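Working notes, beginning with the structure itself.
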Amino acid sequence: MLRQIKPRNARSKRALEKKAPKAIENPKSCLFLRGTTCSQIVQDAITDLYSLRVPLAKKFTKKNAIHPFEDPASLEFFSEKNDASLLVFGSSSKKRPHTLTMIRTFGHKTLDMLELHLDPQSHRKIDQFKGRKFAVGLRPMIVFAGTAFDSPVANEYTMAKSFFLDFFKGEGSDKIDVEGLQYIVSISAEEPLGDDDKPAIHLRVYLISTKRSGQKLPRVEVEEMGPRMDFRVGRMQEPDAEMLKEALKKPRTNEERTKKNVTTDSMGDKLGRIHLGRQDLSELQTRKMKGLKRSRDMDDEVAAGDADEAPKSKK
């Protein structure tokens, strides 16, 4: 049985209600952490990802002796303490240099993890790109290019696609202003040459600018804004089947469920469609009506007429 925490005051009660399960969950917040050994390249990458995630992000600068794949208990503690369902952990070692570990949690328990190794040669920070930047808090348009992301079998690339969608999703909304679509996040992967080949993942961010074209629709141009990152996939931890099923479960709401074969027309009338089995009309019992029968006099007249029209035989 789960331990029930009773609030001591109104402030703690509001905090517990904010963390409680809801039919429509709050936007996911992301927590950025660093390990005891973390290269400057990884720190710059964490800073750039944090700037893309603001304001739904928190960043810790202190070193943490955490090994995500060996013992995720510390990550689960930070997730519950800061109410963060996404975590990005940066570390660097001789065996695994320049590593970013992506972690997702459900109920503040580790759901799945993916390790990405950053290429230091092609990495470029946002500050290295000159030009204007996007406004804080805007949602990007996301493009995935490559057949590796569309694999029917769950692998590192499908998990990376799912994580990046959660990372850049931001706060949900019913309507979107076109003026708010200011930048594109492009995530691409090369075609794998074999079953064991794992191509690199390229992350690029482009700024959108519209210019006059002399027509009704403007001319759209894109300019790379940064950061520029290339990843190699590493270790992964797949989600537990029972936990994943619980995480994907949708709550029941007060909305009326759609009924099969029942529709409503433009006038508001309810129409139903009934499906019947195949009927044998040979066994159909019809009603014998007296008015449909021919009288005896009419039968005699018809018989007499037929006899008169018959040809006479020759003698």
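Each Cβ is built from the backbone N, Cα and C atoms, and glycine gets one as well.
Quantities reported herein were computed from a predicted structural model and do not represent experimental measurements.
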Of the ranges 1-20, 21-40, 121-140, 221-240, the one TrEMBL annotates as region 'Disordered' is 1-20
If you average per-residue pLDDT over the domain 'Brix' (28-242), what number do you get? 89
Run through the compositional bias 'Basic and acidic residues' (267-281) and tell me, per DSSP, how many residues are helix, strand and coil. 1 helix, 3 strand, 11 coil
